[in-house]
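Visitor: I have a structure here, written as C-alpha cells, and I will follow up with some questions on it.
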Amino acid sequence: LTENRNNVTEFILRGLTQNETVAKVCFSLFLISYAAIILGNLLIIITIKTSRQLESPMYFFLSCLSFVDISYSTVTAPKLIYDLLVEKKTIPFIGCMVQLFVVHFFGCTEIFILTAMAYDRCVAICKPLHYTTIMNKRVCGWLVAASWLGGFLHSLLQTLLTVQLPFCGPNELDHYFCDVHPLLELACADTRVVGVVVVANSGLISLTAFVVLVVSYAVILVSLRTRSSEGRLKALSTCTSHLTVVILFFGPCLFIYMRPSTTFTVDKMVSVFYTIVTPMLNPLIYTLRNEEVKNAMKMLWRRKVKW
C-alpha cells in the first residue's frame, strides 16, 4: 500500500475551466471577490473590536465568523486565482492533504459558529430578561472554543481517512482544490466504506446543524407571536441577516456532502458558492441590515479622518 501511495507525489488540478477567455474573466472576478472578502471582513472585525456599542455576544460571534471567512477563503481562493493564469495546475501530495484538512477545519468551524449565532438569537428573543445571564462572556467563549474543537476533530477524521488510501495514478483531480469526493475517485482501492464514513461525517454535521437552525428559528417565530408589531420587526431584522447567510452556506454544503461519494461537473461551481461567494456576501448582509454596525462604522471613519 505504501509503495502504491508513493507513486503519486503531486496532483494535477483541472481547475474551473479549460477555456482561456473564460479563465481570464474568472481571474478578474475572483481577484476582486477575494479583495472584497479580506477588506469587508477585516472592516467588520476592526469595527467590532474598536466600538463600545458592539459589545454584545451577537457581535462577538460575528467577528469570529468574519475571521473564519477570511481564513476559509484564503485556503482556496489565491491558488484558484493563480491557477486560472497557468496551463499546468499542480499541487504536491502533502500540500493537497494539508489543504483538505484546513478547508474542512474552517468550513466545519463556520457551521458551528453559525449554529452558536442562532442559539444566541434564540435566547435574545425568547428570554430577553435572562439574556445577559445566559449568554455571558464565559458561555460565548466556550461556544466558540467548542466550534473550533468540533471543526478540528471533523477535519482530522476526514484527512486521516483520505491520507491512508493508496494513490497509484491517475493523478488528475477534477476540481480547483483538494476535496474528499474527487480524491476518493482517484484512490486505487475500494472506497465505498470510506465514502459512507465521509457522508456520515460531513453530511450529518451539516444536516444536524441545519435542523438545529431551523428548529431555533421556528421557536423564535412562535415566541414573536406575542410581541408588538414593532418588536416583531426589530427581532426579525436581526434574524433575517443570519438566516440569509445560513441558506447561502448550508444549501451548497448539503448538496455536496449529503450524497454518496460521486462527483458531478456542477460541484465545482457549487463549491465556489461556499468558498468565495458566501464569505464575500457575509459583511454586506450583516452591515446593510444592521443600523448599529453602520453607525459604528461611520464613527470609526470619522475618528480616522480626524486623526
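Glycine too: its Cβ is placed from the backbone N, Cα and C atoms.
This is the feature table in TrEMBL:
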TRANSMEM  22-46  transmembrane segment
DOMAIN    40-286  domain 'G-protein coupled receptors family 1 profile'
TRANSMEM  58-77  transmembrane segment
TRANSMEM  97-119  transmembrane segment
TRANSMEM  139-157  transmembrane segment
TRANSMEM  204-224  transmembrane segment
TRANSMEM  236-257  transmembrane segment
TRANSMEM  269-288  transmembrane segment
Visitor: May I ask whether the transmembrane segment (204-224) has at least three C-beta pairs under 8 Å with the transmembrane segment (269-288), counting pairs 6 or more apart in sequence?
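Guide: These two segments do not touch.
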Visitor: When you scan the chain for residues with a C-beta under 8 Å from the transmembrane segment (58-77), skipping those not six or more beyond its ends, what do you find?
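Guide: Answer is 30, 33-34, 37-38, 41-42, 44-45, 48-49, 99, 102-103, 106-107, 109-110, 113-114, 116-117, 120-121, 124, 140, 143-144, 147, 176-177, 238, 275-276, 278-280, 282-283, 286, 293.
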Visitor: Hey, which bits of the same chain come close to the transmembrane segment (22-46), Cβ under 8 Å, at least six residues off its ends?
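Guide: Cβ under 8 Å, 6 or more out: 15-16, 62-63, 66-67, 69-70, 73, 77-78, 80-81, 84-85, 276-277, 279-280, 282-284, 286-287, 293, 297, 300.
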Visitor: Go through the chain and flag residues at least 6 beyond the ends of the transmembrane segment (139-157) whose CB is under 8 A from any CB in it; none is fine as an answer.
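Guide: Residues 57, 60-61, 64, 101-102, 104-113, 115-116, 119-120, 197, 201-202, 205 contact the transmembrane segment (139-157) from elsewhere in the chain.
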